[in-house]
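Enquirer: This structure is in structure tokens; I'll ask about it shortly.
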Amino acid sequence: PQMMGIPLILIAIFLPTLLIYTSPTRLSTNRMTTLQLWLTNTITKQLFLPVNTPGHKWAAMLMTLMIXLLSMNLLGLLPYTFTPTTQLSMNMALAIPLWLATVLTGLRNQPTASLGHLLPEGTPTPLIPLLIIIETVSLFIRPLALGVRLTANLTAGHLLIQLISTAAFVLLPMMTLTALSTFIVLVLLTGLEIAVAMIQAYVFTLLLTLYL
């Protein structure tokens, strides 16, 4: 498949390389390297604001995860491509091990504080059993919420794009003006989906940092 004479397979192969930081071979950096450094530093600072210093060792892994999610989300908006992150199985395969790692790390390093989160301070005695059950359930629901949120947001956006593009294609021979207005809506929705793809990658990573 091609778009404006450009094979889409070339875009799918080379676009993610723009997000990967490569160490410059000389002292003066180019604009792309400067942009990569600025984005990496800005996002890392925002992600790790609520995390204490020992948790900063997760920075490299979580930034890699965010770039992987961002690449897959954006590449899924290209025609004739498939978005892996619209599959719940893949999102759960990412969410469950990372969530489990945060839980086990907390239990190993600060077992008392980790177990203390299951019972808020100042809880009335009659409510203690109920609150422990509620907090335990909410703890185990976290990976499901991560996976379902990412899947649902991307799937809903792709379905809307598919429906509106089909409507524009069907209306074109019958009502040209209506088809053109529908196409404008499609362009705006595509821009919104690009923003959603970026935001969802950021939110997925941000929630993992909050679980640390």
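From the backbone N, Cα and C atoms, a Cβ is placed for every residue, glycine too.
Sequence annotations record features per position, and here Swiss-Prot assigns transmembrane segment to 3-23, 58-78, 87-107, 128-148, 169-189, 192-212 based on sequence analysis.
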Enquirer: Does the transmembrane segment (58-78) make contact with the transmembrane segment (192-212) through 3 or more Cβ pairs under 8 Å, each pair 6 or more apart in sequence?
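Expert: They do touch: at least three Cβ pairs between the two stretches lie under 8 Å.
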Enquirer: When you scan the chain for residues with a C-beta under 8 Å from the transmembrane segment (169-189), skipping those not six or more beyond its ends, what do you find?
Expert: 157, 160-161
